[in-house]
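Annotated features, as they stand in Swiss-Prot:
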{"type": "TRANSMEM", "residues": "4-24", "note": "transmembrane segment"}
{"type": "TRANSMEM", "residues": "31-51", "note": "transmembrane segment"}
{"type": "TRANSMEM", "residues": "84-104", "note": "transmembrane segment"}
{"type": "TRANSMEM", "residues": "111-131", "note": "transmembrane segment"}
{"type": "TRANSMEM", "residues": "134-154", "note": "transmembrane segment"}
{"type": "TRANSMEM", "residues": "167-187", "note": "transmembrane segment"}
{"type": "TRANSMEM", "residues": "242-262", "note": "transmembrane segment"}
{"type": "TRANSMEM", "residues": "272-292", "note": "transmembrane segment"}
{"type": "TRANSMEM", "residues": "330-350", "note": "transmembrane segment"}
{"type": "TRANSMEM", "residues": "386-406", "note": "transmembrane segment"}
{"type": "TRANSMEM", "residues": "411-431", "note": "transmembrane segment"}
{"type": "TRANSMEM", "residues": "462-482", "note": "transmembrane segment"}
Amino acid sequence: MNHFPWLTIIVVLPIFAGSLIFFLPHRGNRVIFWYTICISILELLLTTYAFCYHFQSDDPLIQLVEDYKWIDFFDFHWRLGIDGLSIGPILLTGFITTLATLAARPVTRDARLFHFLMLVMYSGQIGLFSCRDLLLFFLMWEFELIPVYLLLSMWGGKKRLYSATKFILYTAGGSVFLLMGALGIGLYGSNEPTFNLEILANQSYPVALERIFYIGFFIAFAVKLPIIPLHTWLPDTHGEAHYSTCMLLAGILLKMGAYGLVRINMELLSHAHSLFSPWLMIVGAMQIIYAASTSLGQRNLKKRIAYSSVSHMGFLIIGIGSITDIGLDGALLQIISHGFIGAALFFLAGTTYDRIRLVYLDEMGGIAIPMPKIFTMFSIFSMASLALPGMSGFVTEFIVFFGLITSPKYLLMAKILIPFVMAIGIILTPIYSLSMSRQMFYGYKIFNAPNSYFLDSGPRELFLSISIFLPILGIGLYPDFVLSLSVDKVEVILSNSFDR
């Protein structure tokens, strides 16, 4: 066990420091904004330091372990630890949350509560990625929903209450299955209940019961990922939310579902996963085509980007279903890659709306001339989204594609049909992406508006965009920097789990 509680400090610091926001002197929103920025940067630096000096990337075992007994009655522990699967999402969470806080500077209404909720969300996400107790996993899963619901319902568009209600109904409904599965696994087959993921990973179940557990967990994670047909909350939520909230939703929240699918469904229920993996491949391929086709018909800019996120999650599902080292590595890399790309696109969509006050694509046009910097940045991130070689999107899709081709589990016909469907999705992506850019930036429609003078992006927007672009380019040119964090853990998951 680690003697210094690094992870506990990292999890608790944002919410503890955030609670002090309400005691800051009333000297305007600037003090609150810079205080939140400093806390976010401090948290990111602390996380980076702990991982650089106390984490061994070539060790697949759980590291920085902390285990404190919380409720003795049913063996509930505050049990934390990280490995190759969790270090990437944790660092992504710190990076995106810091940038989303910087993006939230225009927020002036109830600024104290807004920034407090962002820090609470920060703690919940870090806690979920670092917990090693199944019941604690559920508590973090639920705890993180509260600030998201309040951020959606209080800041956003005219239909924000509708979208927030839809979000909480979907996610709370999925959480019921997560709780039932956690209690079922924790209480099964032993005199003393345990929720320790280390013990549960070595436990075996009857085939029928394991399938039931798998389906329950899958429904919970499918809502958050999201997987069709449980995705309909996402476009409405993104369409109404403030863009800093959208950055957190697209960059981190969706990845929680993918993380749970690997951490619980693959690690704990490996036999059932091998049985259901062909269906995952089919669902992933259908999702790529369906979401890309639906995105093309969206008038709302943010809803079009939201459907593109759903489409890209299809590649992640296929990587998880391939049951190969390469495919799972590609899926984990897609978690990081899309976290950056999705956050960047929603940020630029939000800054564009702040300037022109238009959200429907058929009302836009000609923005490239008055706002060339935003045009350039949006074009670059659109290229990253459609998997331009040299950027992270291309690498992740290629690795997932290669992982499917080399999988020994599937017949030749499946290795032909699924990549064929994936290729159609890859063709559809530039169609809706370039169509979006054409409607926004070309033509003369915007000059007919009463106020045809618009400010281009300032230093804050440029800094944010460059900060997100550099990791996208870095992963695209040298993906092994990220893959090296998880490659040993992926090998252990597949060798230990599927050879039992």
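Using the three backbone atoms N, Cα and C, a Cβ is placed for every residue, glycine included.
Remark: the transmembrane segment (134-154) makes no contact with the transmembrane segment (84-104), by the rule of 3 or more CB pairs under 8 A. If one looks beyond the transmembrane segment (462-482) by at least 6 residues along the same chain, the residues whose Cβ comes under 8 Å of a Cβ in the stretch are 88, 95, 99, 102-103, 333, 336-337, 340-341, 343-344, 347-348, 373, 377, 380-381, 384, 389-396, 399.
Of the Cβ pairs linking the transmembrane segment (111-131) with the transmembrane segment (272-292) and spaced 6 or more residues apart, fewer than 3 are under 8 Å, so the two regions do not touch. Between the transmembrane segment (242-262) and the transmembrane segment (4-24) there are fewer than 3 Cβ pairs closer than 8 Å, counting only pairs 6 or more residues apart in sequence, which means the two stretches are not in contact.
Contact check: the transmembrane segment (272-292) against the transmembrane segment (4-24) gives fewer than three Cβ pairs closer than 8 Å, residues 6 or more apart, which falls short of the contact criterion.
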